[in-house]
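Per TrEMBL, these features apply:
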REGION    494-544  region 'Disordered'
TRANSMEM  15-36  transmembrane segment
TRANSMEM  77-96  transmembrane segment
TRANSMEM  116-140  transmembrane segment
TRANSMEM  147-172  transmembrane segment
TRANSMEM  178-197  transmembrane segment
TRANSMEM  209-232  transmembrane segment
TRANSMEM  263-282  transmembrane segment
TRANSMEM  327-349  transmembrane segment
TRANSMEM  370-393  transmembrane segment
TRANSMEM  399-418  transmembrane segment
TRANSMEM  430-449  transmembrane segment
TRANSMEM  461-483  transmembrane segment
């Protein structure tokens, strides 16, 4: 019960800033008609309760599946087994990821079914699973992260010359929505266990950083290739007219609940089947462990159903309404100010970002404070949402005008900053676009695009998630460069004064270890547990 209370408080802090902005807008420039505001409140409660239950279910039931599978893979010691399990696990986890389910439904609506939800989810899941296998090969072979990222994004750039430009925003946004509260903790726990297959397992555990970043590129590549091979048609520039129900308080929520329960059942059923079959044939777990895992999956089912019902039945309607109203208001400064504020507040309240900032403080032994990283991240994400919205105000500004220089800077910094900072930074890009950004803030952007006569609802209404995902690789690596400069300066001072305190270095395992960064969150707790399991399995090998 204490754990559930902690989850409830964690998710409440994520929703409250957005709710505060909505109430302020309602009282000032955008009075919400009918029952939109009270239904937003009901939707917010459903989002809070649902996300809390889901996170608890992941921690109790789904993350252990990753640890159990990593233990099985380590015992086999075969690369073919690693690749097979990695692909299957990555595919099934992405199919059930809350952020991608929300995003796929929005793309299906915006494109009038040209890019259907099931097509996007399957393609993105397959792409992530393939690149996840590449990430595992990198861990086992010891390849440098910077070169893998450079090669991956170079391939993205080449395909962008051939793929339809209309699908660029869809592909890049999908990459930021694939890795969320379900995929990240399980994948990192699994990867940390797999790292023990290397001889230098104590050092290789830091290789788990960067795996999420590599996997995210898979979503972009998969959608680009699909748009080329399937000759997907031109997307509508105006999109459907989305008029929210302003007269019925409960009806939209009640209508969405069975639909969301069905989609969640289809998403989680393969994962449950994989566990049950694996338990009969390979794992043979104790009854208490088996019950705990199944109970966790049931909690995840209930939580994800409530979350999607609240988001689609009341939460996002208000985001679209505010976006449309501000765009029709005709005040560009007001629209851009609200866009910046939403991005700033959403990232401040995102639990995964707090974990990320604390990890940076840990690996720098406090030289780079978490508060400074958070301030830089909040300003960066606020700026990202502002720049994405600026495309509505300046029609000649296109998404690739922002992404191309942004990724050149991010990948370029990977060759200047340390491998550890690069992994942390690019992984941060995968976790920064959390549930608030993929629901309310993205809905706000789509509403603003729908209310702007010169805007394309697909090309201009999307692109926000990838802009947000671009900020951590730039911000954290810049801070890493500053930290390295300080460390070198302290080293030089120590050379002159032997009594000076030693400076932490990149090779210090106490800093590079993901376990040293572990906090009481699903992502970090799973990572720490995966590391512990990896150590245990490796120790058994040595003893034998």
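Numbering starts at 1 and runs along the chain as it is shown here.
Keep in mind that glycine also has a Cβ here, set from the backbone N, Cα and C atoms.
The transmembrane segment (178-197) is not in contact with the transmembrane segment (370-393), judged by fewer than 3 CB-CB distances under 8 Å for residue pairs 6 or more apart in sequence.
With a threshold of 8 Å between CB atoms, the same-chain residues lying at least 6 positions outside the transmembrane segment (116-140) that come near it are 79, 82-83, 86-92, 94-95, 100-101, 103-105, 107-108, 148, 152, 170, 174, 178-179, 183, 187, 191, 194-195, 197-198, 204, 207-208, 210-211, 214-223, 226. Here the transmembrane segment (327-349) touches the transmembrane segment (430-449). Their Cβ atoms form 3 or more pairs under 8 Å, with each pair 6 or more residues apart. Counting C-beta pairs under 8 angstroms (sequence separation of 6 or more), the transmembrane segment (399-418) fails to reach the transmembrane segment (209-232), with fewer than 3 such pairs.
Away from its own ends, the transmembrane segment (263-282) comes close to residues 62, 65, 68-69, 72, 88-89, 92-93, 95-96, 101, 290, 293-294, 297, 300-301, 304-305, 308 of its chain (Cβ-Cβ under 8 Å, at least six residues beyond either end). Panel annotation: around the transmembrane segment (461-483), residues 103, 107, 110, 169-170, 172-173, 175-177, 213, 216, 239, 343, 347, 356, 360, 364, 367-368, 372-373, 376-377, 380-381, 383-385, 387-389, 391, 399, 402-403, 406-407, 409-410, 413-414, 416-418, 421-422, 424-426, 428-430, 432-433, 437-438, 441-442, 445-446, 448-450, 455 of the same chain, lying at least six beyond its termini, place a Cβ under 8 Å from a Cβ of the stretch. For the transmembrane segment (209-232), the list of distant contacts is 90, 114-115, 119-120, 123-124, 126-132, 134-136, 138-139, 145, 148-149, 152-153, 155-156, 159-160, 162-164, 167, 170-172, 174-179, 183-184, 187-188, 191, 419-420, 422-424, 426-427, 429-431, 469, 473, 514: same-chain residues at least six beyond its ends, Cβ to Cβ under 8 Å.
Remote same-chain partners of the transmembrane segment (430-449), defined as residues 6 or more beyond its termini with a Cβ less than 8 Å from a stretch Cβ, comprise 14-15, 18, 47, 51, 98-99, 102-103, 106, 110, 173, 175-181, 184, 212-213, 215-216, 307, 311, 315-327, 335, 338-339, 342-343, 346-347, 349-353, 355-356, 377, 381, 385, 388-389, 392, 455-457, 460-462, 464-465, 468-469, 471-472, 523.
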